[in-house]
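Beneath this line is the structure, given in C-alpha cells, with notes to follow.
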Amino acid sequence: MRILVTNDDGIFAEGIYVLAKSLQDVGEVIVVAPNTERSAVGHGITMHHPLRMAGVRFFDTSIEAYSVNGTPADCIKIAIEVLLKDRKPTVVVSGINNGPNLGTDVLYSGTVSAAVEAAILDLPSIAVSMATSKIDQYNHAAEFICKLLSNTLHIEELSDTIINVNYPTIAYSEIKGVKVTNLGIRKYENAFIERLDPRGNAYYWISGKAMELAQDHESDVQAINDNYISITPIHFDLTHFKSFKKLKNLNLEK
C-alpha cells in the first residue's frame, strides 16, 4: 500500500509527523504538505503565482517528503498529477489536524479539503482531526488510523468517499468506542476584534467559540461530546436532494 500524507498545519507540525511515522507500519509513506500553516483555507487552489515543491528532511525519519508553497488541495493535486504520476498512491490520509473538524467545519477545513481533492481525483481518502497538541494523544489517533486502513481490505472501492475521523481529546481509557456518524451542526459565536494600523485604518481579527446546539444523536458532534471516536463518510456532491423536486416543479422560464 502506498500512502500519501498531507495536512493543513504545515509539514513540520507534530500531528503529521506522528501520523506519517505510524503509517510506515501499514505501507510506503510519502509526505507532501504545505510549507507553512494553511488552516481554514478550505478548498482553495493557487492560480496567481507559481507553485514550488521542494524535498525536505522529515524530522528524524527517512520518509520521502516534500513541502509546497500552496494549499492542502494544491499539495494533493501536484503530488498525484506530477510527483506520483507514475506511482499512484493507494490512499490519501490528511492530518492529524490540531483541532476538530466536525459538522460544517468540513467546509472551512484545509485538512478535509485535501481529502476531498483526493476523492475528486478518484482516490480513497481519510481526514483525521483532534483538538490537542499532545504527542501521546496523537499517537493513539495515529494507531487508530493504522487499524482502520488495515481493516479496510478493499480501500480502493471507496474511491469516491472521504472518511472524516474525529478523535476525542480525553484519556485513552475513557474513550467509549467508535461510531459511524453523520455531519452535525457546528456554528460559532464570531467575534471581530478591531484594531488600527499606524495610518489609522481599521483592520480585524476574527475569532469566536463554538455554540452549544442541540444535535442529532447520530451526529459527529454528539459522538465526540459522548466520548466516542467519530467516523463520517462524506462526499463532494453537495446537491440538496430534499429541494431538488421542489425546484423542478417550479414554473421556471428563461
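Any Cβ shown, glycine's included, is placed from N, Cα and C.
What Swiss-Prot says about this one:
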type: BINDING; residues: ASP8, ASP9, SER39, ASN97; note: divalent metal cation binding site
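Same-chain residues that are not part of ASP8, ASP9, SER39, ASN97 yet have a Cβ within 8 Å of the Cβ center of the divalent metal cation site turn out to be ASN7, GLY10, ALA13, GLY15, GLU37, ARG38, ALA40, PRO72, ASN98, GLY99, SER109, GLY110, THR111. Cβ neighbour counts within 10 Å, taken over all protein chains shown, single out ASP8 as the most crowded of the binding-site residues ASP8, ASP9. Here SER39 (divalent metal cation binding site) comes close to ASP8, ASP9, ASN97, GLY99, GLY110: these same-chain residues lie at least six apart in sequence, with C-beta atoms under 8 angstroms from its C-beta.
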